[in-house]
Amino acid sequence: MGIIKQYVAGTAASLGAFCLGTSMGWSGPVQLSILSGEAYRFPVSADEWSWTASLLTLGAGCICVPIGFLITAFGRKMIMLVLVFPYLLGWSLIIGAYSVGMLMAGRFLMGFSGGSACVTVPIYTTEIAEIKSRGIMGCFFQLFFVLGVLYSFIFGSLLEMKTFNILCAIVPMIFFVVFLWMPESPVYLVQMGKSDKAEKALKWLHGNDADISGEMSAMAAMGKKENVSFLQALSRKTTLKGLFIAIMLLVFQQFTGINAILFYVTSIFENAGTGLSPSTYTIIIGLVAVVATIPSMVLVEKVGRSILLIISGGLMCLTTFTMGVYFRWLKDSNVGWLPVLAICLFIIGLQLGYAPVPWLIMAELFAEDVKPICGAIVGTCSWLFAFCVTKLFPMCLHHLGSAATFWGFAFVSLLSCVFVIFVPETKGKTLDEVQRMLGGN
């Protein structure tokens, strides 16, 4: 019964990732209708649309570091609930938009909530999970993210703009109501000296008959070891090495092209001349992403994090290289199915490793005294990388061409495979064991 309640709490928290997925997926199905002037009564230029699509990532990058301090001071649960409101305000601006400035402001505000989810959800789910289920629950974030993307792809393709926007705005409300009933992270409660509440939370998560004395002792011991200044903790060798690993994994995650492809998937298929509706292909991509995430949840605790990342990087390298070949030599041939197949395989490769695993590893690498702020630093870097890729992608397509752009993504994917060889495996390791590995012991 205990493991079921952990999954329930992890699922409730991961609805925050679902909210983020709907926001990120929104731009794909609506791009053509907005640029053509059908969706709103005001014109939107290609450059304005580029900013509208990418401002969510910039807003997310701006909020991550403050969130790291806020979840340390006020707890994971409270901050996750409070940050529903920027979502609601953002969607309200998009629903009632009468200028492109309102669209941009709405996207920027939604980035506040989305960025916070990238920090809080992985930390919360790994802190409430037993070691044996930590890998699976660590992948909940990505599963619910791609479910949210699929939600947007389906309803954005089938419904008129206003109805679609309203359905997206409802999602954060559902998250708020469901997560309101979940317990606070017991790790945070122990850090705040609220041992009675921490014990109550652990009893809820593990069952009333479970022996939680070992976990309480471990968390209390960790609290004693954390009696150093914040700057001392942040400058530890293990912390700096963990930051380097986590940030580099997210460099590879973003610069292999995922958000560029997600934001511009409709136009990619339109330019590919496949002959079918681009919106149909966006739904196919969403379905592939959801289905491909499930094996990663099973394999992450069987084969480990590093193996999945190497397989993921290799498959993304092969598929983006194929996309480059298509746009360079085969675009005028009768092989419009090739970019569709390549992007589907790219999504499968991504979901096997580089989509879920970096966030899981981020939550496993850091000691409890620095985990929130380190998670915030990593989250900030991720979103700033995403913003850069989203802004640079259309410019690269224009100046370098599609082939060179996708070959660039392929080269980054190849480098990612080499880097992962040197990343320590965290599967089945306690926090102390991970810290000893990072320290070279």
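Every residue gets a Cβ built from N, Cα and C, even glycine.
Residues or ranges marked as domain 'Major facilitator superfamily (MFS) profile' by TrEMBL: 9-428. Summarising the annotation, TrEMBL assigns transmembrane segment to 49-71, 78-98, 104-124, 136-158, 164-182, 243-269, 281-300, 307-329, 335-361, 373-393, 405-423.
Contact count against the transmembrane segment (335-361) (Cβ pairs under 8 Å) is highest for 281-300, out of 78-98, 104-124, 164-182, 281-300, 373-393.
Counting Cβ pairs under 8 Å that are 6 or more residues apart, the transmembrane segment (164-182) and the transmembrane segment (281-300) reach fewer than 3 and are not in contact. The average pLDDT the prediction assigns to the domain 'Major facilitator superfamily (MFS) profile' (9-428) is 88.
Where the transmembrane segment (136-158) meets the stretches 78-98, 281-300, 307-329, 373-393, the count of C-beta pairs under 8 angstroms peaks at 281-300.
Nonlocal intrachain contacts for the transmembrane segment (373-393), taken as residues 6+ away from its ends with a CB within less than 8 angstroms of a stretch CB, comprise 50, 53-54, 57-58, 60-61, 64-69, 72, 111, 115, 118-119, 122-123, 230, 234, 239, 242-243, 246-247, 250-251, 253-255, 257, 259-260, 263-264, 362-363, 365-366, 405.
Distant neighbours of the transmembrane segment (307-329): 249, 252, 256-257, 272, 296, 299-300, 335, 338-339, 342-343, 345-346, 348-350, 352-355, 357, 401-407, 409-411, 413-414, 416-417, 420-421, 423; these residues of the same chain sit at least 6 beyond its ends, with a Cβ under 8 Å from one of its Cβ atoms. Counting only same-chain residues 6+ beyond the ends of the transmembrane segment (49-71), those with a CB under 8 A from a CB of the stretch are 23-24, 27, 31, 34-35, 79, 83, 100, 103-104, 107-112, 114-116, 118-120, 123, 188, 259, 263, 372-377, 379-380, 382-384, 386-387, 390-391, 394.
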